[in-house]
Amino acid sequence: MVNAGDMNGSGNLMDFLDEPFPDVGTYEDFHTIDWLREKSRDTDRHRKITSKSKESIWEFIKSLLDAWSGWVVMLLIGLLAGTLAGVIDLAVDWMTDLKEGVCLSAFWYSHEQCCWTSNETTFDDRDKCPLWQKWSELLVSQSEGASAYILNYFLYIMWALCFAFLAVSLVRVFAPYACGSGIPEIKTILSGFIIRGYLGKWTLLIKTVTLVLVVSSGLSLGKEGPLVHVACCCGNFFSSLFSKYSKNEGKRREVLSAAAAAGVSVAFGAPIGGVLFSLEEVSYYFPLKTLWRSFFAALVAAFTLRSINPFGNSRLVLFYVEYHTPWYMAELFPFILLGVFGGLWGTLFIRCNIAWCRRRKTTRLGKYPVLEVIVITAITAIIAYPNPYTRRSTSELISELFNDCGALESSQLCDYINDPNMTRPVDDIPDRPAGPGVYTAMWQLALALVFKIVITIFTFGMKIPSGLFIPSMAVGAIAGRMVGIGVEQLAYHHHDWIIFRNWCRPGADCVTPGLYAMVGAAACLGGVTRMTVSLVVIMFELTGGLEYIVPLMAAAVTSKWVADAFGKEGIYEAHIHLNGYPFLDVKDEFTHRTLATDVMRPRRGEAPLSVLTQDSMTVEDVETLIKDTDYNGFPVVVSKDSERLIGFAQRRELILAIKNARQRQDGVVSNSIVYFTEDPPELPPNSPHPLKLRRILNLSPFTVTDHTPMETVVDIFRKLGLRQCLVTRSGRLLGIITKKDVLRHMAQMANQDPESIMFN
């Protein structure tokens, strides 16, 4: 400490900020990170570790551990994400069957597992075994008849309501952030936004448990989207164990990008598709290093899930299929028609769902989330039970629709009239006329299609975990299977038509209806999410068939073109805008001829910009400025007369610095001068200690001139991830543009409400 008489000397003055203090460099909730600063801090940290590694063996080992920490985090994420996905799959399988009956030998067995262990099961009656009893058999000893049907119907609804009520209650009480798909928020977080608690431990636990409950309840939703959220929660948890990631928000987001890839990897059993999904759909900043690590995390996650083998068929997903018939050029026309259907369904769904969600936000409906979930669950269960295609889980439905009709299939969809003289290999059954079972299945599927289209609009966005991948794929798979059966029967009965003559001779296996279901599923998922490359890769990883890439590509591109004709936003971007998150989408184009001076603040007639001076304000002046304003930071200028820019100081760091200085440095009082220069200003004798805050000053804030086109400014904000940008003319400060200002201006230019951008 120095005496009052030594005030003007600089040698003994204590700069308490030479040592870092807690919370500097952190961000407040619902604020955007500064990507440039995070990158710079990581570079400094790396340089420091590299220079220290030459000093001793121990420092060299520490540098190696630091280098390997990224791969260790990826390994841990993959292991936990794969394990959780396996547990969720097993639990969903059991609880879905619990709505219809119970296994007497072991109540924790699902229907399929129960009948595996039975010695009395025959091939023809493989779905019936004495060990598995429906609730009516168990309670009233009746398996057939009106009373048994009504009892099973009633208990199906009761179980569904019980699961849904438990799920929405857990979400509401313990983890409100566990609701929804999670992908819109993950995209926003990866773009640099802070939502504290969204990737926390409670969210991870509650989302995992409630995901099992809601999928088992039979609601029209999937677990694939929420699994991305679950994997990102795992990524956030493990990154907090390593200071390299916990103290740098930019580095943390690299881990979360890789975790998103692991989530899709276990959701679809598609490791490569997961990496491409993270790159194409959710990530904002995706360097090459993250690509390799995403690949590794997805690999470990898929390997872990394969080790658990939740479906007992050595596959990673329930609807893995293999087709044996090639496709023909003439079939591209129905494939493209399915693409058109997918695009139209995507547009219809996005518009209706956003309208319903907006109504939920702006009316009294939003005040009763539990009641809404109960009502939708009741309606779903009541309508779903009578139809065998809506009663079963959506994944099982997709699996049946994707399946090729072999000689051993017992499904109604495979009830064809066989030729008794047929002597062909089992996997090459020729096209046959449809039997009564196929016609019954067709009208049941038509009703299921209408039901799924309508109910999914109201289900997605409720206060429960809800994925959109599986319901979208179900809509497309139903439409595709119906088109496939139509084309198959047309080819059988009219094989002499010119379009069939060249490739569909009598007795040949020409058309595979399951392939049409797969193409329809891809088209509808593409129409809703606007995915293209990752979608095709996910679908061919599902089927294991490389030769069907062209039909999938044709359908995916067509659905995107058709959907884009009605609006550029996918469902996730639409929900981001609905919630007012500050997300600058790299896909949006800004073509308006406005300048930085049109957007910057202060505008004409507004109060002048709040600034700090380099060496003439007291601690009290700074505290008053902070108290009277809610800005995230303040430009530092030479003086209020010259307004020549020196740098930029963050609000949070000013507060922390002054607070720490008052606690740790004697002599700092309200009338102490605050200075941001290297040397203290000349002060009169007996003045209180000045406070040096140069360490928290950003000496190279990003600046543009007032005549910079907004097109360039928007590009700078997107590509550099800026929080704010200062506007100058000849080195003199004129104003400031924040990310929120850019988003508001873009909304205004697109004739939207600029006040819809709610967060900073």
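Using the three backbone atoms N, Cα and C, a Cβ is placed for every residue, glycine included.
Since the structure is predicted, the reported quantities are computational estimates derived from the model, not experimental observations.
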Inset, instruction - Among 288-307, 468-487, 708-727, find the range that TrEMBL records as transmembrane segment. - result: 468-487
Inset, instruction - For the transmembrane segment (368-385), name the stretch out of 68-92, 153-175, 332-356, 441-461, 515-540 with the most CB-CB pairs under 8 Å. - result: 153-175
Legend entry - Same-chain residues near the transmembrane segment (515-540), Cβ under 8 Å, at least 6 residues beyond its ends: 264, 268, 270, 272-274, 276-277, 279-281, 321, 323, 325, 327, 334-335, 338-339, 341-347, 349-350, 398, 401-402, 468-469, 472-481, 483-484, 487, 546, 548-549, 551-553, 555-560, 562-564, 569-572
Inset, instruction - Using a Cβ-Cβ cut-off of under 8 Å, list the residues of the same chain that are 6+ residues beyond the ends of the transmembrane segment (441-461) and lie near it. - result: 180-181, 219-221, 345, 348-349, 352-353, 356-357, 360, 376, 379-380, 383-384, 387-390, 397, 411-413, 415, 468, 471-472, 474-475, 478-479, 481-482, 485, 571, 575
Inset, instruction - Just give the helix, strand and coil counts over the domain 'CBS' (697-755), going by DSSP. - result: 24 helix, 19 strand, 16 coil
Legend entry - Within-chain partners of the transmembrane segment (153-175) [C-beta distance under 8 Å, separation at least 6 from its ends]: 95, 98-100, 135, 200, 202-203, 205-207, 209-210, 213-214, 216-219, 369-370, 373-374, 377-378, 380-382, 385, 391, 462-465
Inset, instruction - Determine which recorded stretch among 195-215, 227-243, 255-279, 468-487 has the most C-beta pairs below 8 angstroms with the transmembrane segment (332-356). - result: 468-487
Inset, instruction - Could you give me the DSSP helix, strand and coil counts for the domain 'CBS' (600-664)? - result: 24 helix, 17 strand, 24 coil
Inset, instruction - Average the per-residue pLDDT over the domain 'CBS' (600-664) and send me the rounded value. - result: 88
